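The block underneath contains the structure these notes are about, expressed in structure tokens.
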């Protein structure tokens with residue numbers, strides 16, 4: 001297979017971690033007989049510095065023509081001026097819109113060897129392996145908003161809307177993923193209070209009954225789900241939910257493995273290139289120090305192979321290699337915790353994954 005991959009290193013530690021993921025992909029191409037053509041483009045703060053735009057047109061054009069996109073991170077205190085005309089994060093929002101990316105996939109997987117890094121007891125969190133599907137382009141974040149009145153009478157509002165089509169496409173995508181895992185799907189809503197959630201629940205149930213009768217399906221209210229993630233996270237597999245609920249629940253769930261440095265994500269649409277990235281930020285305080293954890297970005301590259309390029313065996317090879325270096329006891333400082341004698345650098349961790357792929 002010959003595929004074009006756009007790299008968007010971005011700001012802070014972005015260039016360091018994207019480079020390690022690129023080296024892993026080079027090894028995958030060598031091992032499995034593929035050709036990956038990489039091109040690097042600007043996004044975020046560095047793009048503002050160079051062009052005045054957090055997402056320059058050449059970056060948009062390159063992304064549209066690529067098979068997939070791998071992003072590092074954007075933002076940092078350098079660009080936090082509230083009076084600035086634009087911010088680095090605007091580039092990320094714009095690229096999602098330009099590419100029509102409506103589904104955010106976030107796997108929450110705990111490696112058994114890292115159970116002691118979780119804030120929860122090992123017996124509660126062990127075995128956690130959840131894949132969240134969050135709807136990205138509808139819901140309250142994109143509803144009509146405004147204010148009226150003044151003083152004590154000042155009022156603000158934000159409307160929450162979902163269409164049948166928006167619900168159908170995200171539920172279908174999640175159900176397809178469930179078929180490739182344990183055949184279980186949980187939909188999260190607030191149908192006891194919110195009208196859009198009632199539509200969500202009705203449409204989701206129709207899709208599951210008519211198109212995925214083989215998938216075990218249940219529904220959970222969002223407040224109950226917030227509790228379940230703390231007291232029994234290992235009981236869930238694939239979870240689908242709306243924009244705001246997904247935003248909150250995935251941030252909560254991201255704490256389960258104990259480090260953001262282990263968690264990748266993907267943003268997908270109907271065909272076209274997907275966008276893959278670690279969930280952590282640009283961490284400017286450690287940029288250039290070779291201590292950033294590249295594993296989330298490497299795992300994002302595995303997601304890219306699976307979801308955009310259809311290379312399941314290759315994705316599994318990367319995931320197996322990452323599991324292998326963790327089993328071997330290699331830890332970047334965020335994972336080593338108090339025992340820094342176990343810690344390795346960004347480059348050493350990346351090289352260890354490459355070595356596993358070569359063996």
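The backbone N, Cα and C atoms fix where each Cβ goes, glycine too.
Per Swiss-Prot, the feature NAD(+) binding site maps to 76-89, 281-293. Note on residue 80 (NAD(+) binding site): other Cβ atoms within 10 Å of its Cβ, all shown chains, come to 11.
Residue 106 (substrate binding site) falls within a strand when secondary structure is assigned with DSSP. Over all protein chains present, the Cβ of residue 106 (substrate binding site) has 23 other Cβ atoms lying within 10 Å. The substrate binding site annotation in Swiss-Prot covers 96, 106, 134, 223 and rests on sequence analysis.
Taken from Swiss-Prot, the feature site 'Important for catalysis' applies to 141 (among others). Within the same chain, residues at least six positions away from residue 141 (site 'Important for catalysis') with a Cβ under 8 Å of its Cβ are 243, 244, 247.
Annotation for residue 190 (site 'Important for catalysis'): same-chain Cβ neighbours under 8 Å, separated by at least 6 residues, are 197, 221, 222, 223, 245. DSSP assigns residue 190 (site 'Important for catalysis') to coil in the three-state reduction, outside any helix or strand. Look at Swiss-Prot and you will find 190 (among others) tagged as site 'Important for catalysis'.
Reduced to three states, the DSSP call for residue 223 (substrate binding site) is helix. Annotation source Swiss-Prot lists Mg(2+) binding site at 223, 247, 251, citing sequence analysis.
Cβ-based neighbour count (10 Å, all protein chains) for residue 134 (substrate binding site) stands at 27. For the pair formed by residue 134 (substrate binding site) and residue 76 (NAD(+) binding site), distance between Cα atoms is given as 25 Å, rounded to the nearest Å.
Put simply, 88 is the one of the binding-site residues 76, 80, 88 whose Cα lies nearest to the Cα of residue 96 (substrate binding site). Just so you know, the Cβ of residue 287 (NAD(+) binding site) picks up 18 other Cβ atoms within 10 Å once every protein chain is counted. When the Cα atoms are compared, residue 76 (NAD(+) binding site) and residue 106 (substrate binding site) turn out to be 23 Å apart. The maximal spread of the substrate binding site, taken as the longest Cα to Cα distance among 96, 106, 134, 223, is 28 Å. Taking the mean position of the Cβ atoms of 223, 247, 251 as the Mg(2+) site, the remaining same-chain residues with a Cβ inside 8 Å of that point are 222, 226, 244, 245, 246, 248, 249, 250, 252.
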